[in-house]
Amino acid sequence: MEIGGRKVRRNKRIEVESSYPCTLQFYSTPPSGNVSLLEFDEMATERLKILRAVERLNLSGQVKNSEDWLNKLYDDFAKNKYFVYSAEKISSSKRDEVEAARRRDHVSHFILRLAYCRTEDLRRWFIIHETDLFRARFLHSFKNGSDVKSFMLANNLHFTPLPQEEMQSERENLLSGTYNISSGDLMEGRTFYKVPFTEALELVRQRKVLVRGGFAYVPDTDLVTLVTTAFRANLSQALASTNRALPQLEDDERLVRLLQDFDKRYTGSDYSQRKGTDGPRITPDIIDQLAVKSFPLCMRQLNDTLRTSHHLKHGGRLTYGLFLKAAGLSLEDALHFWRSHFLKNMDVDKFEKQYAYGIRFNYGKEGKRTDWSPYSCIKIIMGNVGPGDAHGCPFKHSDQAMLRQRLINFKVPQQAISEIIELVGKGHYQIACQKYWEATHNAPLETGINHPNQYFEESHKFNSGSGSSTQTTQGKKPSQVKTNVSVMYSSQPSSQLSSQSSSSSQATTTDHNNTNANITSDVDSAMFDDDMDSAMLEQYMETAEC
């Protein structure tokens with residue numbers, strides 16, 4: 001697939017050197033060359049993971065642009081071996097690795113432009129987090145002595161240094177009007193840039209710089225703000241241009257399938273290929289105990305409903321059954337578990353004829369024998385929940401008064417309950433789930449929550465002391481959660497999300513593995529029926545695969 005219109009050079013090394021002379025990029029020129037569909041998808045997914053890591057850190061309460069914020073972000077890059085970590089190495093060492101990483105950086109940015117230029121909400125999300133990523137990389141390069149000057153020259157970023165004479169005449173004003181410069185000693189060796197105040201609105205708004213005669217006097221320590229402002233302006237304009245050119249791509253169905261609903265794509269661990277030796281193995285006799293200690297609220301709710309009514313409607317059986325499979329429940333134990341509950345309401349023949357098939361189907365033993373994936377958080381959040389259903393996200397689909405009472409019954413501390421309710425009101429359902437994890441484990445969780453089985457794995461690691469990305473120091477106060485109006489991993493406005501209730505929720509997303517499939521109304525309504533025949537079950541699973 002051709003990404004750019006320029007002719008590919010024969011000598012790859014010469015092309016890379018001319019295209020990627022610096023660690024940082026302004027992404028002014030589209031990439032050239034051929035990219036396979038597989039590589040296209042892999043690069044786009046990797047960049048989406050990076051931007052979501054930036055978003056998660058911003059929502060965790062860390063002060064943006066602080067030393068701690070920067071270190072935690074780069075720790076995440078290094079841990080996951082993202083291209084950012086390799087692209088910023090000195091090019092003379094491991095040259096091929098650096099070149100490949102910078103190429104992935106370049107191409108992946110333009111791919112996500114295609115995915116995120118479609119609506120105002122998508123563009124806003126992309127601009128915010130791409131700008132934060134660029135800011136972090138600029139600060140990291142500046143801190144490590146990379147050649148920032150060559151980057152600025154290559155991108156025509158010329159900021160006029162303040163002449164020494166004017167600096168002396170404005171010395172007192174600079175001392176009194178510049179943030180963190182309160183003495184003459186701090187002025188020594190400092191360079192100031194005199195720019196139109198419109199290029200430093202962020203600093204002006206925070207009252208960090210001197211403004212005189214329509215100009216802002218910006219110290220070199222805040223150079224990142226000027227460069228980031230230029231980056232944001234260029235990206236905003238580029239997204240608008242990409243949106244106007246988007247109809248040209250509609251004829252290529254391959255791109256449409258890959259980019260459709262890309263913002264809702266699940267990017268966490270794959271729980272569909274679980275082997276018997278991976279992680280803990282659970283048995284029916286310990287499920288109730290695990291539900292109290294280690295299950296996310298959505299799965300604990302399903303287990304509680306099953307314990308009291310000894311039945312779940314199809315949506316609940318599907319969601320909970322796939323979760324238990326990925327958590328380590330074998331097919332034999334699953335049949336025993338569901339049979340032990342359902343036989344309290346029916347005879348063995350009815351269970352075997354109407355329900356055992358669906359259980360075996362989940363494990364890939366019936367139908368097309370597909371190893372179905374358990375539902376991710378975004379799948380559960382965006383799903384339909386009807387009257388009498390027990391599945392769904394309690395933070396999204398429950399009334400706040402009912403949610404509060406449930407948290408009280410589960411002995412969640414009052415302060416944590418207040419924070420959770422506040423997060424729910426702003427549409428931050430996954431962050432609310434993270435806060436619930438922290439409150440019930442009395443420890444901070446830095447990885448975020450994006451899948452019920454991830455929640456269970458982190459809890460199991462914590463309780464077993466086997467170690468994880470979670471800080472497991474007992475008694476340590478969970479980190480405070482700072483929120484804004486964005487919704488984690490979703491482009492839908494928080495005001496719209498928070499106003500939806502379980503009676504008015506509409507299915508607005510398709511599965512990340514089958515984004516172009518549309519669930520028919522017959523299958524949608526069948527989701528809430530008590531029974532489904534084998535043909536309908538297979539059709540539903542193929543169109544709504546998690």
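Glycine is treated like the rest: Cβ placed from N, Cα and C.
Marked as domain 'DNA primase large subunit C-terminal' by TrEMBL: 288-456.
Positions annotated as [4Fe-4S] cluster binding site by TrEMBL: C298, C377, C393, C433. All protein chains considered, the CB of C377 ([4Fe-4S] cluster binding site) has 26 other CB atoms within 10 Å.
What TrEMBL records for 456-526 is region 'Disordered'.
The annotation compositional bias 'Polar residues' is assigned in TrEMBL to 476-489.
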Subject >> Beyond the site residues C298, C377, C393, C433: chain residues whose C-beta lies within 8 Å of the centroid, for [4Fe-4S] cluster >> reply: P296, L297, I380, I381, P394, F395, K396, Y429, Q430, I449, P452
Original post:
Under 8 Å Cβ-Cβ from C298 ([4Fe-4S] cluster binding site), six or more apart in the same chain: what's there?
Top reply: T319, I380, H391, G392, C393, P394, P452
Original post:
Taking every residue in the domain 'DNA primase large subunit C-terminal' (288-456), what is their average pLDDT?
Top reply: 92
